[in-house]
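Engineer: The following block contains the structure, expressed as structure tokens.
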Amino acid sequence: MGLRNPASLGKGAGHRQLICPAISGYRGINQLLLVVLGVLECYQRIYLASSSLVHTFLGSAHPPPHSFPADDASAPLNDSDQWLGYRLQSNIQMKDMRSLSFYVQLVSISLFLLASFLTTSGILTHEPLHIPLRITAPHLSERDNSDGILALKTWATQAGTKLNSRYGGQAEVDPAKSLGAKASLHTRQVANLRLINAFSDAIYAAPVSIGTPPQSFHMIMDTGSGDLWIADTACSTDQGCPSSAKKFDPLKSESYVNESRAFNVQYGSGKAQGTLAKESVSVGGLTVLNQKIGVCDSVENILKPGLDISGIMGLAWSGIASSPSTPAWESLFLQDALSEPVISFALSRLGRGHTESTAPGGTMTIGGTNKRHFDGEIQYIPLSKNQSYWLVPLESITVGGAVVDIGTPNIAIDTGTSLIGGPDEDLKTIFSVVPGAILMQNGSFKGYWSVPCNQPLIISVQFGNISYPLSPLDTNLGKIDTKGRCLTSFFTISKSKSGGTIPEWIFGAAFLKNVYSVFRASPPSIGFAQLSSTFVGEKTAAPSLISQHPIRKHSLKQASKGARRPTSQGSSNMSTCPPPIGLVVILGATHFLAWAFFNLQSMFIAFPR
């Protein structure tokens with residue numbers, strides 16, 4: 001990997017591209033100075049040892065005189081005079097060595113102080129990149145659960161089959177029952193329909209530039225996959241690339257390198273095929289050279305008409321990537337230009353009054369966090385198992401004020417999924433305590449759980465000993481009939497045919513819109529915090545955890561007293577930030593003054609005779 005010529009990146013981007021060479025240069029100079037200091041230190045010690053031996057030998061044979069020789073410079077020198085001259089010469093040479101050592105150390109400490117200041121001030125290292133996200137769907141409408149049953153059926157069919165096929169077994173889809181919508185089994189698909197309120201927060205996209213000169217696209221930010229692929233100009237409408245999707249033209253890029261290898265990523269019944277290539281990829285002005293990407297001329301059941309979506313940027317680990325390469329997000333961190341190896345998200349839900357095809361979707365931050373979007377501390381949870389999906393253990397799930405006993409399953413946190421999916425047995429246990437809850441067995445809503453619309457669905461999930469309430473705006477998708485039943489965002493995933501390699505539980509946007517989420521590469525972990533009250537987006541107060549129905553003793557236990565709500569209290573797993581500039585300067589200056597005092601004293605005070 002390398003860094004591009006900053007001249008081609010626009011204002012501000014070039015500064016970022018010079019950061020890595022600056023850091024490398026500083027480190028190289030400092031390492032060289034340390035080597036020089038080491039050599040000088042060794043030479044001083046050898047010289048002092050040899051001087052001590054000579055002093056001992058000459059001193060025992062010829063004791064030093066109590067006074068200098070006579071003023072007659074032509075007088076012959078005896079052994080005592082020679083011994084004294086040797087001592088004086090040794091003192092002079094030692095002072096020269098100490099002087100040289102002093103200046104070398106002075107330069108080294110000055111570089112340290114300068115680098116510390118520049119680092120903490122965000123000049124030498126990368127400031128976090130705050131990238132605006134957008135919610136993308138054709139003709140977004142405002143939140144109003146009173147209408148749109150037909151559209152909800154179509155969307156629910158597609159969203160459910162996408163989730164089930166991506167993480168579970170092969171889904172069974174009846175096109176006739178899906179109201180003419182061609183079912184896609186790809187988790188990241190966006191339905192080509194008029195989305196209503198609660199389920200319109202389906203896809204979160206961000207701008208990505210590819211090639212030289214850069215060609216800009218909107219791509220889905222997906223923590224549930226590891227590949228980066230883009231539709232190219234060879235992909236026509238008949239090959240699955242709608243005219244609304246902007247396409248990449250390799251012929252217009254000077255940095256395009258064809259790897260002459262096939263690229264193929266499968267998403268259930270959806271897939272993307274093309275050629276593996278090396279290209280320059282830029283996100284938020286930070287560019288990675290020679291990044292392997294898929295340039296696709298055939299895309300099936302993924303890109304939809306009316307949506308300006310050109311591909312997917314996978315943000316999961318390389319263990320689940322189809323191409324044998326380092327994912328782009330890892331490449332950004334390997335450049336060592338970012339202050340923290342993290343990607344963080346604040347996902348907003350669609351507010352009232354939005355009727356355009358796109359709407360603000362929140363913020364993705366690379367290399368840090370956006371402190372304006374969360375309150376309190378970030379609680380980090382180490383990843384479970386190997387680094388493939390972003391998996392963390394769920395401590396508990398609370399329904400109506402009591403913890404439902406489903407064990408501590410591993411949860412895949414997926415920004416590219418809309419729903420919350422889990423095993424059939426676990427979901428039956430959860431909804432057994434919700435009056436009137438029904439698992440939909442047939443039709444477009446097969447696999448979903450539904451509840452009476454007047455039944456409050458009070459649910460919280462606990463990670464790292466902190467409980468995060470889920471807003472009813474995200475757990476209740478809207479009416480499904482005229483009898484007062486509403487669809488929930490909980491979907492049953494059939495057992496995977498691949499055994500234990502696929503997560504059993506998936507938390508998508510229905511969960512992520514309720515927390516500030518941080519995906520940290522080193523140490524591998526996921527962090528959650530409470531969204532700030534000032535975060536742009538429709539907010540609701542956290543629901544109180546109260547029980548409104550009898551509790552079954554065999555499936556429930558009392559809510560853990562140790563569980564905490566997200567607050568501003570400190571956390572044992574706090575995020576690490578650079579120290580304040582003033583502290584670095586004070587500590588560095590104190591160290592320098594103490595060191596200089598002792599070295600200056602030894603420089604200008606001669607050795608005793």
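Counting begins at 1 with the first residue displayed.
Glycine too: its Cβ is placed from the backbone N, Cα and C atoms.
According to TrEMBL, the protein carries these features:
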- 102-124: transmembrane segment (TRANSMEM)
- 204-529: domain 'Peptidase A1' (DOMAIN)
- ASP222: active site (ACT_SITE)
- ASP414: active site (ACT_SITE)
- 552-575: region 'Disordered' (REGION)
- 566-575: compositional bias 'Polar residues' (COMPBIAS)
- 581-600: transmembrane segment (TRANSMEM)
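I'd like to know what surrounds each of these features in this structure.
Structural biologist: Following the DSSP three-state reduction, the secondary structure of ASP222 (active site) is strand. There are 23 other CB atoms within 10 A of the CB of ASP222 (active site), with all protein chains counted.
Counting every protein chain shown, the number of other Cβ atoms lying within 10 Å of the Cβ of ASP414 (active site) is 29.
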Engineer: Using C-alpha atoms only, work out the spacing between ASP414 (active site) and ASP222 (active site) and round it to an integer in Å.
Structural biologist: 7
